[in-house]
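Colleague: A single structure is presented below for examination.
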Amino acid sequence: MSGGKYVDSEGQLYTLPIREQGNIYKPNNKVMAEEMNEKQMYDAHTKEIDLVNRDPKHLNDDVVKIDFEDVIAEPEGTHSFDGIWKASFTTFTVTKYWFYRLLSSLVGIPVALIWGIYFAILSFLYIWAVVPCIKSFLIKIQCISRIYSICIHTFCDPLYEAIGKIFSNIRISMQKEI
């Protein structure tokens, strides 16, 4: 309670002191009010995206970073004409660049829609089905684990303790006979 009045069993009226930090809805002190105002709310729908660095987490560094030299290489001693090599390089690079752009413009939005739906369903199932099932299972298994623990302590602990005492009295002596 963050302030108020109550009557004790003898009929005395007491006022409760207001907590120094206030409650969670209306902070009482200025420090908490400033902290709450400083926190900026980030909306996933309005955040800015980086158009220069489009892979900030480096997901595709070793997968799709394929250049001309990674695909086509002429070993020492078997070289084509320099003009052919330059034209091949240009053709490969430009074709890869523009065909990727064409494919991403035609198929990118539908695939993004499909992946968005997929991850929305996955998030929904995880939040509303998986986590509650796991919590429910842990609550149920806790009862079983207590019963199991009692059984182990009741039946197995004395048995293993007795076996330990039996084997603790075994003495081995080695003699070397010449």
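Sequential numbering from 1, following the chain as shown.
Just so you know, glycine gets a Cβ as well, placed from its N, Cα and C.
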Colleague: Ranges 101-112, 149-160: which does Swiss-Prot label region 'Interacts with SPRY1, SPRY2, and SPRY4'?
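Modeller: Here Swiss-Prot associates region 'Interacts with SPRY1, SPRY2, and SPRY4' with the stretch 149-160.
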Colleague: Taking helix as H, G and I and strand as E and B in DSSP, count the residues of the topological domain 'Cytoplasmic' (126-178) in helix, strand and coil.
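Modeller: The composition, in the requested order, is 43 helix, 0 strand, 10 coil.
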Colleague: Quick one: pull the CA-CA distance for LYS47 (ubiquitin cross-link) versus LYS57 (ubiquitin cross-link), whole Å only.
Modeller: 17
Colleague: Mind looking up the mean pLDDT for the topological domain 'Cytoplasmic' (2-104) in the predicted model?
Modeller: 75
